[in-house]
Amino acid sequence: MTTEALPLTLAEKVWQDHLVVKGEDGSPDLIYIDLHLVHEVTSPQAFDGLRVAGRPVRRPDLTIATEDHNTPTIGIDKPIADLTSRTQIETLRRNAEEFGVRLHSLGDIEQGIVHVVGPQLGLTMPGITVVCGDSHTSTHGAFGAMAFGIGTSEVEHVLATQTLPLKPFKTMGITVEGELRPGVTAKDIILAVIAKIGTGGGQGYVLEYRGSAIRALSMEGRMTVCNMSIEAGARAGMVAPDETTFAYLKGRPHAPEGEDWDEAVAYWTTLQTDDAAVFDAEVFLDAGEIEPFVTWGTNPGQGVSLSQDVPDPADIEEPNARAAAERALEYMDLKSGTPMKSVPVDAVFMGSCTNSRIEDLRAFASVIKGRKKAEGVRVMVVPGSARVRLEAEAEGIDKIVEEFGAEWRFAGCSMCLGMNPDQLAPGERCASTSNRNFEGRQGKGGRTHLVSPLVAAATAIRGTLSSPWDLEHEDADTRTGEKVGI
(Lines of atoms letter the chains of each structure in order from A; the text may use other names.)
(Lines give C-alpha, C1' and ligand atoms only; values in the text may rest on other atoms or scores of the structure.)
Protein backbone atom coordinates (compact mmCIF):
# COMPACT_ATOMS: atom_id res chain seq x y z
CA MET A 1 0.00 0.00 0.00
CA THR A 2 1.01 3.63 -0.38
CA THR A 3 3.51 4.99 2.17
CA GLU A 4 2.72 8.50 3.36
CA ALA A 5 6.10 9.60 4.74
CA LEU A 6 6.06 12.51 2.32
CA PRO A 7 3.05 14.35 0.85
CA LEU A 8 2.40 13.02 -2.64
CA THR A 9 0.30 13.88 -5.66
CA LEU A 10 -2.12 11.32 -7.06
CA ALA A 11 0.29 10.49 -9.89
CA GLU A 12 3.18 10.00 -7.47
CA LYS A 13 1.11 7.63 -5.32
CA VAL A 14 0.20 5.40 -8.25
CA TRP A 15 3.79 5.46 -9.50
CA GLN A 16 5.17 4.40 -6.12
CA ASP A 17 2.64 1.59 -5.82
CA HIS A 18 3.92 0.15 -9.12
CA LEU A 19 7.64 0.58 -8.61
CA VAL A 20 9.42 -2.73 -9.26
CA VAL A 21 12.96 -1.36 -9.27
CA LYS A 22 14.04 2.19 -8.48
CA GLY A 23 16.46 3.52 -11.08
CA GLU A 24 19.85 4.76 -9.92
CA ASP A 25 22.31 7.29 -11.34
CA GLY A 26 19.77 8.67 -13.80
CA SER A 27 18.55 5.31 -15.09
CA PRO A 28 14.78 4.79 -15.44
CA ASP A 29 12.54 3.14 -12.88
CA LEU A 30 10.96 -0.20 -13.71
CA ILE A 31 7.17 0.08 -13.46
CA TYR A 32 4.64 -2.76 -13.32
CA ILE A 33 1.73 -2.59 -15.78
CA ASP A 34 -1.70 -3.76 -14.63
CA LEU A 35 -3.63 -3.55 -17.90
CA HIS A 36 -2.37 -3.72 -21.48
CA LEU A 37 -4.83 -2.77 -24.22
CA VAL A 38 -4.06 -3.86 -27.78
CA HIS A 39 -5.47 -3.04 -31.23
CA GLU A 40 -4.65 -3.97 -34.80
CA VAL A 41 -2.43 -1.06 -35.85
CA THR A 42 0.46 -0.95 -33.37
CA SER A 43 0.64 -4.61 -32.34
CA PRO A 44 1.74 -6.72 -35.38
CA GLN A 45 5.47 -6.01 -35.10
CA ALA A 46 5.33 -6.48 -31.32
CA PHE A 47 3.90 -9.97 -31.67
CA ASP A 48 6.46 -10.70 -34.40
CA GLY A 49 9.19 -9.76 -31.94
CA LEU A 50 7.86 -12.24 -29.41
CA ARG A 51 7.69 -14.91 -32.06
CA VAL A 52 11.29 -14.36 -33.18
CA ALA A 53 12.54 -14.44 -29.58
CA GLY A 54 10.44 -17.46 -28.71
CA ARG A 55 8.71 -15.61 -25.87
CA PRO A 56 5.10 -15.98 -24.72
CA VAL A 57 2.86 -13.15 -23.59
CA ARG A 58 3.75 -12.98 -19.90
CA ARG A 59 0.29 -12.04 -18.61
CA PRO A 60 -2.39 -12.76 -21.21
CA ASP A 61 -4.94 -12.33 -18.41
CA LEU A 62 -3.91 -8.66 -18.16
CA THR A 63 -3.97 -8.15 -21.93
CA ILE A 64 -7.09 -7.41 -23.95
CA ALA A 65 -7.40 -6.71 -27.67
CA THR A 66 -10.10 -5.18 -29.81
CA GLU A 67 -10.52 -4.17 -33.43
CA ASP A 68 -11.20 -0.47 -33.89
CA HIS A 69 -8.92 1.75 -36.01
CA ASN A 70 -9.35 0.05 -39.39
CA THR A 71 -12.78 -1.46 -38.96
CA PRO A 72 -15.62 -0.47 -41.30
CA THR A 73 -18.70 1.07 -39.70
CA ILE A 74 -21.11 -0.25 -42.33
CA GLY A 75 -21.41 -3.75 -43.76
CA ILE A 76 -19.42 -5.30 -40.93
CA ASP A 77 -20.64 -8.76 -41.95
CA LYS A 78 -18.87 -8.43 -45.31
CA PRO A 79 -15.16 -8.87 -46.13
CA ILE A 80 -13.13 -5.71 -45.47
CA ALA A 81 -12.45 -4.12 -48.85
CA ASP A 82 -9.18 -2.31 -48.08
CA LEU A 83 -6.26 -4.77 -48.24
CA THR A 84 -4.13 -3.07 -45.58
CA SER A 85 -7.02 -2.83 -43.14
CA ARG A 86 -8.06 -6.41 -43.76
CA THR A 87 -4.50 -7.66 -43.32
CA GLN A 88 -4.01 -5.84 -40.02
CA ILE A 89 -7.25 -7.17 -38.58
CA GLU A 90 -6.60 -10.73 -39.76
CA THR A 91 -3.10 -10.50 -38.29
CA LEU A 92 -4.45 -9.40 -34.91
CA ARG A 93 -6.86 -12.33 -34.90
CA ARG A 94 -4.06 -14.81 -35.63
CA ASN A 95 -1.79 -13.27 -33.02
CA ALA A 96 -4.50 -13.24 -30.36
CA GLU A 97 -5.24 -16.91 -30.97
CA GLU A 98 -1.58 -17.94 -31.03
CA PHE A 99 -0.61 -16.05 -27.87
CA GLY A 100 -3.81 -16.63 -25.90
CA VAL A 101 -4.91 -13.00 -25.78
CA ARG A 102 -8.60 -12.22 -25.37
CA LEU A 103 -9.92 -10.43 -28.47
CA HIS A 104 -13.19 -8.63 -29.13
CA SER A 105 -13.69 -8.84 -32.90
CA LEU A 106 -16.22 -7.25 -35.22
CA GLY A 107 -19.64 -8.61 -34.36
CA ASP A 108 -18.74 -9.14 -30.68
CA ILE A 109 -20.98 -7.16 -28.29
CA GLU A 110 -17.85 -5.86 -26.52
CA GLN A 111 -16.06 -4.78 -29.71
CA GLY A 112 -15.38 -1.11 -30.11
CA ILE A 113 -12.87 1.66 -29.60
CA VAL A 114 -10.30 0.37 -27.14
CA HIS A 115 -10.68 3.38 -24.83
CA VAL A 116 -14.44 2.88 -24.66
CA VAL A 117 -14.27 -0.89 -24.19
CA GLY A 118 -11.88 -0.88 -21.21
CA PRO A 119 -14.01 1.33 -18.96
CA GLN A 120 -17.35 -0.20 -19.97
CA LEU A 121 -16.05 -3.65 -18.98
CA GLY A 122 -14.82 -2.39 -15.62
CA LEU A 123 -11.23 -3.22 -16.56
CA THR A 124 -10.12 0.36 -15.94
CA MET A 125 -9.99 1.00 -12.21
CA PRO A 126 -8.49 3.58 -9.84
CA GLY A 127 -4.84 3.24 -8.97
CA ILE A 128 -3.85 0.88 -11.78
CA THR A 129 -1.37 1.41 -14.59
CA VAL A 130 -2.74 1.16 -18.13
CA VAL A 131 -0.83 1.22 -21.42
CA CYS A 132 -1.78 0.85 -25.06
CA GLY A 133 -0.09 1.49 -28.38
CA ASP A 134 -2.31 4.53 -28.80
CA SER A 135 -1.76 8.09 -27.62
CA HIS A 136 -5.27 8.53 -26.23
CA THR A 137 -4.75 5.90 -23.55
CA SER A 138 -4.81 8.92 -21.24
CA THR A 139 -8.62 8.53 -21.35
CA HIS A 140 -8.42 5.92 -18.59
CA GLY A 141 -6.87 8.45 -16.22
CA ALA A 142 -10.42 9.66 -15.56
CA PHE A 143 -10.64 6.80 -13.06
CA GLY A 144 -7.51 7.78 -11.16
CA ALA A 145 -5.40 5.35 -13.19
CA MET A 146 -1.94 6.14 -14.55
CA ALA A 147 -2.63 5.60 -18.24
CA PHE A 148 -0.48 6.52 -21.23
CA GLY A 149 0.30 5.58 -24.80
CA ILE A 150 3.40 3.62 -25.80
CA GLY A 151 5.24 2.79 -29.02
CA THR A 152 5.42 -0.59 -30.74
CA SER A 153 8.76 -1.56 -29.18
CA GLU A 154 7.28 -0.79 -25.76
CA VAL A 155 4.19 -2.84 -26.64
CA GLU A 156 6.52 -5.80 -27.18
CA HIS A 157 8.31 -5.09 -23.87
CA VAL A 158 5.03 -5.11 -21.95
CA LEU A 159 3.80 -8.24 -23.71
CA ALA A 160 7.05 -9.99 -22.77
CA THR A 161 7.61 -8.67 -19.23
CA GLN A 162 4.47 -6.83 -18.00
CA THR A 163 6.80 -3.96 -17.07
CA LEU A 164 8.20 -0.76 -18.57
CA PRO A 165 11.40 1.19 -17.87
CA LEU A 166 10.35 4.82 -17.36
CA LYS A 167 11.60 7.99 -15.78
CA PRO A 168 9.09 9.66 -13.44
CA PHE A 169 6.84 12.25 -15.04
CA LYS A 170 6.48 15.79 -13.78
CA THR A 171 3.08 16.75 -12.35
CA MET A 172 0.80 19.65 -13.25
CA GLY A 173 -2.36 20.55 -11.38
CA ILE A 174 -5.14 21.99 -13.55
CA THR A 175 -7.87 23.44 -11.37
CA VAL A 176 -11.24 24.36 -12.88
CA GLU A 177 -13.47 26.01 -10.31
CA GLY A 178 -17.05 27.18 -10.62
CA GLU A 179 -20.14 26.05 -12.48
CA LEU A 180 -20.40 25.51 -16.22
CA ARG A 181 -23.15 27.40 -17.99
CA PRO A 182 -25.90 25.44 -19.77
CA GLY A 183 -24.65 24.19 -23.13
CA VAL A 184 -21.00 24.13 -22.01
CA THR A 185 -19.48 20.67 -21.63
CA ALA A 186 -16.38 18.70 -20.71
CA LYS A 187 -15.17 19.03 -24.30
CA ASP A 188 -15.25 22.81 -23.98
CA ILE A 189 -13.25 22.58 -20.75
CA ILE A 190 -10.41 20.63 -22.32
CA LEU A 191 -10.37 22.74 -25.50
CA ALA A 192 -10.15 25.83 -23.28
CA VAL A 193 -7.30 24.24 -21.29
CA ILE A 194 -5.36 23.45 -24.46
CA ALA A 195 -5.94 26.94 -25.85
CA LYS A 196 -4.58 28.33 -22.58
CA ILE A 197 -1.41 26.24 -22.16
CA GLY A 198 -0.79 25.32 -25.81
CA THR A 199 -0.11 21.99 -27.46
CA GLY A 200 3.30 21.82 -25.80
CA GLY A 201 2.32 23.18 -22.41
CA GLY A 202 1.95 19.77 -20.85
CA GLN A 203 5.08 18.20 -22.31
CA GLY A 204 6.63 15.77 -19.83
CA TYR A 205 3.78 16.17 -17.34
CA VAL A 206 0.94 14.14 -15.94
CA LEU A 207 -2.00 16.54 -15.71
CA GLU A 208 -4.27 16.18 -12.70
CA TYR A 209 -7.66 17.83 -13.25
CA ARG A 210 -9.12 19.25 -10.05
CA GLY A 211 -11.70 21.68 -8.77
CA SER A 212 -15.47 21.86 -8.41
CA ALA A 213 -16.16 21.90 -12.16
CA ILE A 214 -14.22 18.66 -12.64
CA ARG A 215 -15.86 16.97 -9.66
CA ALA A 216 -19.27 17.87 -11.10
CA LEU A 217 -18.53 15.99 -14.33
CA SER A 218 -19.84 12.50 -15.00
CA MET A 219 -17.33 9.73 -15.72
CA GLU A 220 -18.01 10.20 -19.43
CA GLY A 221 -17.15 13.88 -19.09
CA ARG A 222 -13.99 13.12 -17.16
CA MET A 223 -12.95 10.65 -19.84
CA THR A 224 -13.39 13.36 -22.47
CA VAL A 225 -11.14 15.71 -20.52
CA CYS A 226 -8.42 13.15 -19.83
CA ASN A 227 -8.59 11.86 -23.41
CA MET A 228 -7.29 15.14 -24.83
CA SER A 229 -4.47 15.62 -22.32
CA ILE A 230 -2.24 14.38 -25.13
CA GLU A 231 -3.29 17.31 -27.30
CA ALA A 232 -1.74 19.54 -24.63
CA GLY A 233 1.51 17.61 -25.02
CA ALA A 234 1.11 15.68 -21.74
CA ARG A 235 1.98 12.04 -21.12
CA ALA A 236 -1.22 11.43 -19.17
CA GLY A 237 -4.21 13.03 -17.49
CA MET A 238 -5.84 12.00 -14.22
CA VAL A 239 -8.84 12.74 -12.02
CA ALA A 240 -8.88 11.52 -8.42
CA PRO A 241 -11.53 8.84 -7.85
CA ASP A 242 -14.65 9.64 -5.83
CA GLU A 243 -18.22 8.43 -5.37
CA THR A 244 -18.95 9.21 -9.03
CA THR A 245 -16.15 6.84 -10.00
CA PHE A 246 -17.27 4.09 -7.66
CA ALA A 247 -20.90 4.30 -8.80
CA TYR A 248 -19.82 3.98 -12.44
CA LEU A 249 -17.69 0.90 -11.75
CA LYS A 250 -19.96 -1.01 -9.39
CA GLY A 251 -21.52 -4.04 -11.04
CA ARG A 252 -19.45 -3.92 -14.21
CA PRO A 253 -18.18 -7.30 -15.49
CA HIS A 254 -14.60 -7.02 -14.21
CA ALA A 255 -15.19 -4.82 -11.17
CA PRO A 256 -14.54 -6.38 -7.74
CA GLU A 257 -17.50 -7.84 -5.84
CA GLY A 258 -18.44 -8.40 -2.21
CA GLU A 259 -15.58 -8.04 0.26
CA ASP A 260 -13.17 -7.45 -2.62
CA TRP A 261 -15.24 -4.41 -3.60
CA ASP A 262 -15.12 -3.02 -0.07
CA GLU A 263 -11.36 -3.50 0.09
CA ALA A 264 -10.91 -1.90 -3.32
CA VAL A 265 -12.97 1.17 -2.39
CA ALA A 266 -11.02 1.52 0.85
CA TYR A 267 -7.80 1.70 -1.19
CA TRP A 268 -9.29 3.88 -3.93
CA THR A 269 -10.34 6.52 -1.40
CA THR A 270 -6.65 7.01 -0.49
CA LEU A 271 -5.88 8.04 -4.07
CA GLN A 272 -6.11 11.77 -3.53
CA THR A 273 -3.35 14.33 -3.82
CA ASP A 274 -2.21 15.12 -0.30
CA ASP A 275 -2.98 18.62 0.93
CA ALA A 276 0.69 19.43 1.39
CA ALA A 277 1.81 17.92 -1.93
CA VAL A 278 3.39 20.30 -4.43
CA PHE A 279 2.84 20.15 -8.19
CA ASP A 280 5.68 21.03 -10.53
CA ALA A 281 3.30 23.47 -12.23
CA GLU A 282 -0.27 24.68 -11.79
CA VAL A 283 -2.94 26.20 -14.03
CA PHE A 284 -6.28 27.71 -13.00
CA LEU A 285 -9.49 28.27 -15.01
CA ASP A 286 -12.87 29.76 -14.12
CA ALA A 287 -15.58 27.40 -15.38
CA GLY A 288 -18.10 30.22 -15.55
CA GLU A 289 -16.02 32.00 -18.18
CA ILE A 290 -15.85 29.02 -20.54
CA GLU A 291 -18.15 29.15 -23.58
CA PRO A 292 -18.84 26.59 -26.30
CA PHE A 293 -15.47 26.18 -27.99
CA VAL A 294 -14.27 25.45 -31.52
CA THR A 295 -10.89 25.11 -33.20
CA TRP A 296 -10.11 27.29 -36.21
CA GLY A 297 -6.66 25.95 -37.15
CA THR A 298 -4.69 22.78 -37.61
CA ASN A 299 -3.73 21.96 -34.05
CA PRO A 300 -6.01 21.61 -31.02
CA GLY A 301 -4.50 24.67 -29.36
CA GLN A 302 -5.74 26.91 -32.15
CA GLY A 303 -9.20 27.38 -30.70
CA VAL A 304 -11.56 30.15 -29.61
CA SER A 305 -15.01 30.54 -28.15
CA LEU A 306 -17.65 30.04 -30.80
CA SER A 307 -18.81 33.61 -30.24
CA GLN A 308 -15.45 34.97 -31.41
CA ASP A 309 -13.95 35.65 -34.83
CA VAL A 310 -11.16 33.88 -36.67
CA PRO A 311 -8.03 35.42 -35.12
CA ASP A 312 -5.47 37.54 -36.94
CA PRO A 313 -1.95 36.02 -37.00
CA ALA A 314 -0.57 39.56 -36.90
CA ASP A 315 -1.74 39.73 -33.28
CA ILE A 316 0.51 36.81 -32.33
CA GLU A 317 3.90 38.01 -31.10
CA GLU A 318 5.87 34.76 -31.15
CA PRO A 319 7.24 34.29 -34.72
CA ASN A 320 6.83 30.51 -34.94
CA ALA A 321 3.29 30.62 -33.58
CA ARG A 322 2.43 33.45 -35.98
CA ALA A 323 3.80 31.48 -38.95
CA ALA A 324 1.87 28.39 -37.83
CA ALA A 325 -1.33 30.43 -37.63
CA GLU A 326 -0.79 31.83 -41.12
CA ARG A 327 -0.25 28.35 -42.54
CA ALA A 328 -3.28 27.03 -40.65
CA LEU A 329 -5.58 29.72 -42.03
CA GLU A 330 -4.36 29.01 -45.54
CA TYR A 331 -5.00 25.29 -45.17
CA MET A 332 -8.38 25.83 -43.51
CA ASP A 333 -9.35 28.43 -46.14
CA LEU A 334 -10.36 30.94 -43.48
CA LYS A 335 -9.89 34.68 -43.31
CA SER A 336 -9.07 36.64 -40.16
CA GLY A 337 -12.05 38.47 -38.72
CA THR A 338 -14.59 35.97 -40.02
CA PRO A 339 -17.17 35.16 -37.32
CA MET A 340 -16.76 31.49 -36.39
CA LYS A 341 -20.55 31.12 -36.46
CA SER A 342 -20.63 32.04 -40.14
CA VAL A 343 -18.31 29.20 -41.20
CA PRO A 344 -20.27 26.59 -43.20
CA VAL A 345 -19.57 22.87 -42.96
CA ASP A 346 -19.94 19.96 -45.35
CA ALA A 347 -19.99 17.25 -42.71
CA VAL A 348 -20.55 16.57 -39.02
CA PHE A 349 -18.88 13.62 -37.29
CA MET A 350 -20.28 12.47 -33.96
CA GLY A 351 -17.96 9.83 -32.52
CA SER A 352 -14.34 8.93 -31.55
CA CYS A 353 -12.77 7.88 -28.25
CA THR A 354 -13.33 11.45 -27.07
CA ASN A 355 -17.11 11.63 -27.48
CA SER A 356 -18.85 8.39 -28.47
CA ARG A 357 -20.23 7.11 -25.19
CA ILE A 358 -23.90 6.84 -24.33
CA GLU A 359 -23.99 10.22 -22.57
CA ASP A 360 -22.51 11.88 -25.67
CA LEU A 361 -25.08 10.24 -27.94
CA ARG A 362 -27.90 11.27 -25.61
CA ALA A 363 -26.74 14.88 -25.65
CA PHE A 364 -26.49 14.93 -29.45
CA ALA A 365 -29.89 13.26 -29.85
CA SER A 366 -31.62 15.62 -27.43
CA VAL A 367 -30.67 18.61 -29.59
CA ILE A 368 -31.59 17.11 -32.97
CA LYS A 369 -34.81 15.37 -31.88
CA GLY A 370 -37.73 16.43 -34.04
CA ARG A 371 -35.53 18.40 -36.43
CA LYS A 372 -33.92 17.86 -39.82
CA LYS A 373 -30.28 18.28 -40.71
CA ALA A 374 -29.18 21.17 -42.88
CA GLU A 375 -29.43 20.51 -46.59
CA GLY A 376 -26.19 19.32 -48.13
CA VAL A 377 -24.53 18.45 -44.81
CA ARG A 378 -23.51 14.84 -44.27
CA VAL A 379 -23.94 13.74 -40.64
CA MET A 380 -22.36 10.54 -39.37
CA VAL A 381 -23.05 9.18 -35.87
CA VAL A 382 -20.73 6.38 -34.75
CA PRO A 383 -21.11 4.77 -31.30
CA GLY A 384 -17.90 3.96 -29.47
CA SER A 385 -18.70 0.30 -28.97
CA ALA A 386 -21.21 -2.34 -29.98
CA ARG A 387 -22.59 -2.25 -26.44
CA VAL A 388 -23.03 1.53 -26.53
CA ARG A 389 -24.79 1.13 -29.88
CA LEU A 390 -27.15 -1.46 -28.43
CA GLU A 391 -27.89 0.74 -25.41
CA ALA A 392 -28.57 3.73 -27.64
CA GLU A 393 -30.93 1.70 -29.81
CA ALA A 394 -32.82 0.54 -26.72
CA GLU A 395 -33.41 4.23 -25.95
CA GLY A 396 -34.51 5.02 -29.51
CA ILE A 397 -31.51 7.19 -30.30
CA ASP A 398 -30.94 5.42 -33.60
CA LYS A 399 -34.45 6.39 -34.74
CA ILE A 400 -33.89 10.02 -33.74
CA VAL A 401 -30.63 10.05 -35.69
CA GLU A 402 -32.13 8.46 -38.79
CA GLU A 403 -35.24 10.68 -38.76
CA PHE A 404 -32.91 13.67 -38.53
CA GLY A 405 -31.33 12.50 -41.80
CA ALA A 406 -28.03 11.33 -40.33
CA GLU A 407 -26.21 8.02 -40.75
CA TRP A 408 -26.32 5.57 -37.83
CA ARG A 409 -23.16 3.46 -37.98
CA PHE A 410 -21.55 0.47 -36.30
CA ALA A 411 -18.80 0.99 -33.73
CA GLY A 412 -15.25 2.01 -34.58
CA CYS A 413 -12.77 4.86 -34.73
CA SER A 414 -14.36 5.89 -38.02
CA MET A 415 -13.78 9.44 -39.28
CA CYS A 416 -11.53 10.42 -36.39
CA LEU A 417 -8.58 9.44 -38.55
CA GLY A 418 -8.00 8.79 -42.24
CA MET A 419 -7.27 5.10 -41.74
CA ASN A 420 -10.57 3.51 -42.78
CA PRO A 421 -13.29 4.14 -45.38
CA ASP A 422 -14.89 6.99 -43.38
CA GLN A 423 -12.99 10.01 -44.70
CA LEU A 424 -13.48 13.57 -45.89
CA ALA A 425 -12.91 14.46 -49.52
CA PRO A 426 -10.26 17.11 -50.28
CA GLY A 427 -11.57 20.55 -49.34
CA GLU A 428 -14.48 19.28 -47.26
CA ARG A 429 -15.00 20.94 -43.89
CA CYS A 430 -16.17 18.95 -40.87
CA ALA A 431 -17.37 19.78 -37.36
CA SER A 432 -16.01 16.81 -35.44
CA THR A 433 -16.30 15.58 -31.85
CA SER A 434 -12.90 13.89 -32.21
CA ASN A 435 -9.58 15.03 -30.78
CA ARG A 436 -7.23 16.03 -33.60
CA ASN A 437 -7.49 18.57 -36.39
CA PHE A 438 -4.12 18.18 -38.10
CA GLU A 439 -3.82 18.60 -41.86
CA GLY A 440 -5.33 15.53 -43.50
CA ARG A 441 -6.33 13.93 -40.20
CA GLN A 442 -9.81 13.02 -41.45
CA GLY A 443 -8.75 12.49 -45.05
CA LYS A 444 -6.33 14.14 -47.44
CA GLY A 445 -7.22 17.82 -47.80
CA GLY A 446 -10.02 17.59 -45.22
CA ARG A 447 -10.58 20.49 -42.81
CA THR A 448 -11.49 19.70 -39.21
CA HIS A 449 -13.09 21.85 -36.50
CA LEU A 450 -13.07 20.19 -33.06
CA VAL A 451 -16.33 20.66 -31.14
CA SER A 452 -18.51 19.16 -28.42
CA PRO A 453 -21.51 16.90 -29.14
CA LEU A 454 -23.87 19.82 -28.45
CA VAL A 455 -22.04 22.08 -30.89
CA ALA A 456 -21.93 19.24 -33.42
CA ALA A 457 -25.70 18.81 -33.16
CA ALA A 458 -26.46 22.52 -33.51
CA THR A 459 -24.03 22.74 -36.43
CA ALA A 460 -25.74 19.83 -38.16
CA ILE A 461 -29.06 21.67 -37.84
CA ARG A 462 -27.90 25.11 -39.01
CA GLY A 463 -25.20 24.11 -41.49
CA THR A 464 -22.71 26.54 -39.96
CA LEU A 465 -20.64 26.25 -36.78
CA SER A 466 -23.23 26.78 -34.04
CA SER A 467 -24.13 26.02 -30.45
CA PRO A 468 -27.47 25.34 -28.75
CA TRP A 469 -27.36 28.97 -27.69
CA ASP A 470 -27.87 29.91 -31.34
CA LEU A 471 -30.83 27.57 -31.66
CA GLU A 472 -32.37 29.10 -28.56
CA HIS A 473 -32.16 32.56 -30.07
CA GLU A 474 -33.71 31.36 -33.33
CA ASP A 475 -36.61 29.42 -31.90
CA ALA A 476 -38.18 29.95 -28.49
CA ASP A 477 -39.36 26.35 -28.49
CA THR A 478 -35.93 24.89 -29.11
CA ARG A 479 -34.55 22.83 -26.25
CA THR A 480 -32.01 24.85 -24.28
CA GLY A 481 -28.78 23.54 -22.82
CA GLU A 482 -30.57 23.14 -19.46
CA LYS A 483 -33.23 20.93 -20.97
CA VAL A 484 -30.55 18.91 -22.70
CA GLY A 485 -29.30 18.05 -19.24
CA ILE A 486 -25.77 19.28 -19.79
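We count from 1, first residue shown onward.
Using the three backbone atoms N, Cα and C, a Cβ is placed for every residue, glycine included.
The secondary structure of Cys416 ([4Fe-4S] cluster binding site), as reduced to three states from DSSP, is helical. Summarising the annotation, Swiss-Prot assigns [4Fe-4S] cluster binding site to Cys353, Cys413, Cys416 and lists sequence analysis as the type of evidence.
Of all the binding-site residues listed here (Cys353, Cys416), the one with the fewest other CB atoms within 10 A of its own CB is Cys353. Listed in sequence order, the residues Asp68, His69, Ile113, His136, Gly351, Ser352, Thr354, Ser356, Gly384, Gly412, Ser414, Leu417, Ser434, Asn435 complete the 8 Å Cβ shell around the [4Fe-4S] cluster site centroid, once Cys353, Cys413, Cys416 themselves are left out.
Around Cys413 ([4Fe-4S] cluster binding site), taking its Cβ as the centre, 30 other Cβ atoms fall within 10 Å, counting all chains.
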